[in-house]
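Peer 1: Below: one structure in structure tokens.
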């Protein structure tokens with residue numbers, strides 16, 4: 001390949017990565033709205049896989065499919081030399097255009113965000129979207145009226161403040177949310193999942209696998225990633241965000257420390273690396289190799305239903321509408337920044353500090369457990385307005401709001417609203433309307449002497 005083509009590919013990769021980052025932050029912000037959940041799932045009788053964490057499940061499917069496509073295409077050309085047919089990499093790259101065109105076409109059919117429409121003063125369109133997603137086509141549905149009023153109240157508040165910038169994310173009243181959003185994405189990288197996903201072939205080489213056996217054994221983790229994300233799709237809102245993150249950190253830390261112990265106690269150092277690969281600096285065999293593989297699979301099984309989906313679901317739930325797009329974009333940028341950093345760190349770490357690499361990630365998991373317990377509040381089932389009240393709690397910790405460990409998920413009212421069973425919320429509203437519509441009381445005639 002000509003050196004000029006390498007620069008072209010590098011430039012296209014940079015542009016593509018930037019566009020992907022823009023796309024994923026926009027999609028995450030959109031899927032954070034209950035309007036989209038209701039649009040695809042009209043109440044509890046709808047299909048179960050319709051939450052915003054489906055985004056993560058789709059990503060796991062994409063990773064799995066592209067792994068096997070790339071694996072299959074690797075057989076194109078001469079296998080015993082470096083003279084591979086360029087189709088072995090052109091085909092996998094070219095196939096990436098298919099989901100991009102599909103996404104472009106399907107986005108045309110998706111309704112606009114009602115809160116965004118409100119910000120543009122397009123109230124008729126806002127009401128139409130609320131009627132579609134909440135009112136089952138009934139523009140006079142009581143929940144449509146309540147939701148519209150909530151949006152009007154929030155819009156009136158936003159109109160009273162100046163246009164926001166990224167600097168607003170770092171103001172005292174918003175700084176806590178920004179830090180939580182950033183670390184939600186940072187910690188998702190520091191769990192060590194990249195060790196398992198990007199460099200899994202090194203791990204299996206340490207366990208004695210090579211060639212096609214290594215590649216096929218490595219693919220099992222991608223299957224586990226897809227399958228174990230399903231429980232989160234079904235029950236994540238019931239579990240809540242905090243318990244899911246805490247349990248995930250505890251289990252992942254356990255498997256990381258276990259791998260460190262296995263390699264540290266039973267591993268054999270190979271100067272220069274196995275088969276000339278310096279990153280494969282240790283090997284284990286027998287039961288220790290089986291233990292290393294088992295802990296690796298268990299780690300992926302622990303990440304998939306916990307930090308995998310929640311790390312993408314959580315940031316959009318933290319920020320108010322006026323800052324949500326910027327907040328999610330900044331959080332996502334932290335994810336990819338640490339993704340890049342770890343992509344450079346892990347090979348060097350495997351080569352130089354060997355089993356201690358797992359020890360470092362185990363410590364990270366302990367740190368994130370502590371951070372989540374004391375700082376990350378529960379947002380499951382809460383509207384944007386309820387989340388705002390939680391962070392602005394006058395009886396809470398200054399600039400933090402309600403203590404994180406005291407926050408609870410609130411899913412009952414949300415599910416009631418989605419299926420139209422909202423009598424408790426409407427009671428005050430109906431009473432107010434009846435009082436306003438009632439004729440004024442007739443004056444009592446004065447007593448006569």
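Backbone N, Cα and C define each Cβ position, glycine as well.
This is the feature table in TrEMBL:
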type     : residues : note
COMPBIAS : 418-435  : compositional bias 'Basic and acidic residues'
COMPBIAS : 436-449  : compositional bias 'Low complexity'
DOMAIN   : 1-380    : domain 'Major facilitator superfamily (MFS) profile'
REGION   : 410-449  : region 'Disordered'
TRANSMEM : 6-27     : transmembrane segment
TRANSMEM : 57-77    : transmembrane segment
TRANSMEM : 89-110   : transmembrane segment
TRANSMEM : 179-200  : transmembrane segment
TRANSMEM : 220-236  : transmembrane segment
TRANSMEM : 245-267  : transmembrane segment
TRANSMEM : 287-307  : transmembrane segment
TRANSMEM : 328-350  : transmembrane segment
TRANSMEM : 356-376  : transmembrane segment
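What's the neighbourhood like for each of these?
Peer 2: Beyond the ends of the transmembrane segment (57-77), by six or more residues, the same chain brings 49, 83-85, 87-89, 91-92, 95-96, 99, 197, 215-216, 219, 222-223, 225-226, 229-230, 232-233, 304, 308-309 to within a C-beta distance below 8 angstroms of the stretch.
Long-range neighbours of the transmembrane segment (220-236) within the same chain, counting only residues 6 or more positions beyond its ends whose Cβ lies under 8 Å from a Cβ of the stretch, are 48-49, 51, 53-54, 56-57, 60-61, 63-64, 67, 196-197, 200, 244, 296-297, 300-301, 303-306, 308-310, 313, 380.
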Peer 1: Which whole-number mean pLDDT does the model give the domain 'Major facilitator superfamily (MFS) profile' (1-380)?
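Peer 2: When the pLDDT values over the domain 'Major facilitator superfamily (MFS) profile' (1-380) are averaged, the result is 84.
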